[in-house]
């Protein structure tokens, strides 16, 4: 089975997502400098890291002298998975806390708290993965031309236990937070009546949809991770099972968890669309205006 077709969406969406995160990071729009967007940017970077490192780790043949690079990619991959998990939890918690306020203050968390959360999101997963990695990691073993995807190394067992345990907790908590947020949104809909309040309600509804998609897409990814646990109970994963089931479903669910949130954010937010496509349109208009000015030839008398 060729691996290239499954990664075609990544080849297109990953660079686009990088551009999106870059624009979002550099914008000076005060309405986009909130805890949600700060956490969204870092969580997006974590998600992209899982996509890129998975390709480099599993689909690129490295010379024997550079095989240690795979270990680095593995640490980044596993750390990023935990970082994205924590980031999406914080995003869901932030949305619930905003909706339960009367003032609907998006900046409910001060900058210092957001910085601490981002530090936890980046540092703690790396420390957990690094410790587990030091206890023994085996990505795969090759014998007689066949590949055995071994997950019985001590470090991996501990890592998978921690990762799947935290994922299970996240699934439960995110479902609860999403449900509570939907109740708060319904209360808000009843409280805000009149045309003057419709913009506020629409903005909160769109943000709730974005957060709900973040949670749902990651829950689907968690379901795929449970398949890996089930098929690895005997210590190894059969190559045919990996190639035909586990690998394609991972690519699909990981891609969904990574790209669905930014796509739905672009769809729901006119401000984001203006930020992304407005700049492109402005550059095109500016270039066209410049070419038009240069090409004007004054009439001779």
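Including glycine, each Cβ sits where the backbone N, Cα and C put it.
Sequence-distant contacts of the transmembrane segment (6-24), counting only residues of its own chain at least 6 positions beyond either end whose CB sits under 8 Å from a CB of the stretch, comprise 32, 37, 40-41, 44-45, 48, 51-52, 55, 59, 248, 251-252, 255, 258-259, 262, 266, 272, 275-276, 279. Taken from TrEMBL, the feature transmembrane segment applies to 6-24 (among others).
Residues or ranges marked as transmembrane segment by TrEMBL: 36-57 (among others).
According to TrEMBL, the feature transmembrane segment maps to 72-93 (among others).
Sequence annotations record features per position, and here TrEMBL assigns transmembrane segment to 113-137 (among others).
As annotated by TrEMBL, transmembrane segment applies to 157-180 (among others). Remote same-chain partners of the transmembrane segment (157-180), defined as residues 6 or more beyond its termini with a Cβ less than 8 Å from a stretch Cβ, comprise 78, 81-82, 85, 88-89, 92-93, 95-96, 128-129, 132-133, 135, 137, 151, 211-212, 215-216, 218-219, 222, 225-226, 228-229, 232.
With a cut-off of 8 Å between Cβ atoms, the residues of this chain six or more beyond the transmembrane segment (207-233) that come close are 36, 84-85, 88, 91-92, 95, 98-99, 151, 160, 163-164, 167-168, 170-171, 174-175, 177-178, 181-182, 185, 241, 245-246, 249-250, 252-254, 256-257, 260-261, 264-265, 268-269. Look at TrEMBL and you will find 207-233 (among others) tagged as transmembrane segment.
Annotated transmembrane segment per TrEMBL: 245-268 (among others), in sequence order. Outside the transmembrane segment (245-268) by six or more residues, the chain places 3, 6-7, 9-10, 13, 17, 20, 40, 44, 47-48, 50-51, 54, 58, 84, 206-207, 209-210, 213-214, 217-218, 220-221, 223-224, 227-228, 231, 237, 276 with a CB less than 8 A from a CB of the stretch.
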Distant-in-sequence neighbours of the transmembrane segment (36-57), which means Cβ under 8 A and at least six residues beyond its ends: 7, 10, 14, 17-18, 20-21, 24-25, 69-70, 73-74, 76-77, 80-81, 83-84, 87-88, 90-91, 94-95, 106, 114, 117-118, 121-122, 139, 207, 250-251, 254-255, 257-258, 261-262, 265
